[in-house]
Each structure stands twice: as structure tokens, then as C-alpha cells.
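To keep things clear, I will list the structure first and then write my remarks on it.
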Protein chains: 2
Amino acid sequence: MTNLLHPLPDASRGEVFENLLTRPGCRIERIVSLGQVTPPERPYVQPHDEWVLVLAGRAVVEAEGAATALSPGDWLLIPAGAAHRVTFTDPDAPTVWLAVHFG
Amino acid sequence: MTNLLHPLPDASRGEVFENLLTRPGCRIERIVSLGQVTPPERPYVQPHDEWVLVLAGRAVVEAEGAATALSPGDWLLIPAGAAHRVTFTDPDAPTVWLAVHFG
């Protein structure tokens with residue numbers, strides 16, 4: 001894959017996670033969502049910082065009690081240990097995320 | 001800065017480099033270009049791998065003898081030690097790059 005926006009995998013049956021590159025201390029991943037959200041009872045909690053950028057689509061992330069609406073170009077740093085949830089992704093068009101995982 | 005696409009800095013007098021986040025082994029940077037190219041006599045050579053993604057605009061990168069045209073969503077890994085040059089960026093609209101520097 002050399003373009004992150006097309007072609008896109010079909011995410012209608014579940015989010016699609018693809019590793020782009022892994023280096024010591026750093027992993028780059030593309031995620032494609034289509035309406036999926038994080039179950040309220042199972043928030044993500046990671047032992048490392050994560051930087052996420054929305055490349056296409058629309059989403060809302062709730063982290064540390066604050067909800068942030070994300071559109072293309074918007075980025076967010078999710079600190080290590082912070083419980084966070086994706087509470088919305090557009091059900092009608094793919095949301096494409098770039099995630100950089102540290103540590 | 002929480003959005004990488006707007007507002008954009010004025011790059012008409014030179015490319016604008018902005019550090020977004022630095023962690024051990026990993027640095028994320030936004031670069032905005034407007035027609036600038038790398039002088040042929042001064043190619044970039046870096047001691048670390050660099051991953052670049054075009055978020056907006058158009059560019060051509062020449063690395064290890066191969067020219068790659070980049071449009072939004074296109075990414076490229078530039079290996080450590082590889083001489084590389086940006087041989088084109090759109091002079092009429094900003095080209096926005098996301099660069100992840102490893103090591």
C-alpha cells in the first residue's frame with residue numbers, strides 16, 4: 001500500500017487495522033472505520049502514548065472525560081494510561097486514521 | 001496547532017517546518033511547501049529513516065535514482081543514508097507533508 005486513501009478496504013464488517021512501519025519506539029498504523037465505536041464497557045487503555053490523525057471522514061474521541069470531534073487534518077495525542085473511546089465514526093463514508101504508537 | 005491543513009502558514013518565502021511531537025526514537029513534523037525544491041547540489045542525506053506522507057498538494061521526490069510523484073495520501077519511506085531531493089512542489093497551492101523521523 002503506497003496510498004492511504006485509495007483503494008480503501010471494506011470496513012463494513014469491522015474496522016481494518018494495517019501496520020505500515022515498525023521501528024524501535026515507534027509504530028505507524030492505518031485504521032479504517034465505518035460507523036464503528038468503542039464499546040462503553042471496554043475503553044482502550046494503552047501503556048504508551050498514541051498520536052492519531054484523521055485523514056478522511058469524521059469521528060469523535062472521548063479521552064479523559066473530554067470529547068473531541070475530529071475532521072480531516074485534526075490530530076490528538078492520547079497519553080499513556082488514558083482511558084479513551086471512539087464514540088462516533090461516520091456510518092456513511094470511511095473514516096481513515098493514521099496512528100503513531102510510541103514506546 | 002490541532003489541525004494540519006488549516007490554517008496554513010505562508011510558505012511563499014520558504015518552507016515552514018513545525019515540530020508536532022518528539023519522543024525517544026520518533027519525531028513528527030509538519031512541513032508546508034509552496035513551489036520550493038531541493039537544490040541539486042545539496043540533496044538531503046539523513047542518518048535516520050524518514051517516513052513522509054503528503055496530506056495536501058503535489059510533489060515529486062527523487063531518492064536513490066527513482067522519482068516518485070506524490071499526491072494526497074501517498075507515502076514514501078526514505079532509508080537512512082539515501083540521498084534524496086524534492087524536485088517539485090506545486091507553486092500554486094500549498095503542499096502539506098507529514099514527516100516521521102525515526103532514531
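Cβ coordinates come from backbone N, Cα and C, glycine included.
Going by TrEMBL, these are the annotated features:
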DOMAIN    A:43-100  domain 'Cupin type-2'
Segment confidence, the domain 'Cupin type-2' (A:43-100), expressed as mean pLDDT: 96
Structural state census, the domain 'Cupin type-2' (A:43-100) (DSSP three-state): 0 helix, 35 strand, 23 coil
